[in-house]
Amino acid sequence: VNPGSLRIFICNLQFLRRIFVLHFFIFYFFYDFSSLFPYTHNLSILSNIMSSTFSGDETAPFFGFLGAAAALVFSCMGAAYGTAKSGVGVASMGVMRPELVMKSIVPVVMAGVLGIYGLIIAVIISTGINPKAKSYYLFDGYAHLSSGLSCGLAGLSAGMAIGIVGDAGVRANAQQPKLFVGMILILIFAEALALYGLIVGIILSSRAGQSWAD
C-alpha cells in the first residue's frame, strides 16, 4: 500500500467526520430535533391524550383492582377448602348412614356462602374505579386494597374453620345425634368471622373518594 495514498485516505475520513459533526449541530440548533425520531412525537401525542382522559394517580387503579381480585380469590379459596373438607366427611359418613346426608350438608352450604361475600366486595370495588368520571388517587386505591384484603382473608380463615369443624362434626353426628346442635353453633360462629370481614370491607370501600385531594 502506498503511504501517500493511505495518508490521503485518512485525511478524507477526518474531513468527513468533521463535516458530519458540523451538520449535526447545525441541524440540532436550527431545526426541530424530534423530526429525526417521529416516534417521539407520537409518544408526546399519546401522553397528552392520556393526561386529558385520566384524572388522579396513574398507579392508584393497580391497588384498587388488586383489592377486588384479593377479595374474590381469597374468599373463594376459603369456600373451596370448606366445601372440600366437609364434603369428604359427608361422603365418608354417608356410606354407613345415608339417611343423614341431607341433614349433614349444612357445612357445605355455609362454606359456599363465603364466595358470595368476596363477590359482593369485588363488585363494589370494581364499580368504584372509574378515573375518567372521577379522580382516583392513591388514598382510594389503598382503601379498596384494604377492603378486599379484609374480606378475602376473613373469608379464607372462616372457610378453613368451617371445613375442619364440618368434617369432624358430621362424622361425630353419625355416631351421636345430640351433637348436631353443637356443630351448627360452632359453624355459625365460624361463619361470623367472614361476616365481620364483609362489614369492614364495605366500610373501607366507602372511604374511597374522601381523600384530601378532592
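Glycine residues also receive a Cβ, built from the backbone N, Cα and C atoms like all the rest.
As recorded in TrEMBL, the features of this protein are as follows:
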DOMAIN    66-125  domain 'V-ATPase proteolipid subunit C-like'
DOMAIN    146-204  domain 'V-ATPase proteolipid subunit C-like'
TRANSMEM  20-40  transmembrane segment
TRANSMEM  60-84  transmembrane segment
TRANSMEM  105-125  transmembrane segment
TRANSMEM  145-167  transmembrane segment
TRANSMEM  179-204  transmembrane segment
Tertiary contacts of the transmembrane segment (145-167), as residues 6+ beyond its ends and Cβ separation under 8 Å: 63-64, 66-75, 77-86, 88-90, 106-108, 110-111, 114-115, 117-118, 121-122, 124-125, 183, 186-187, 190-194, 196-198, 200-202, 204-205, 208
Stretch-averaged pLDDT - the domain 'V-ATPase proteolipid subunit C-like' (146-204): 93
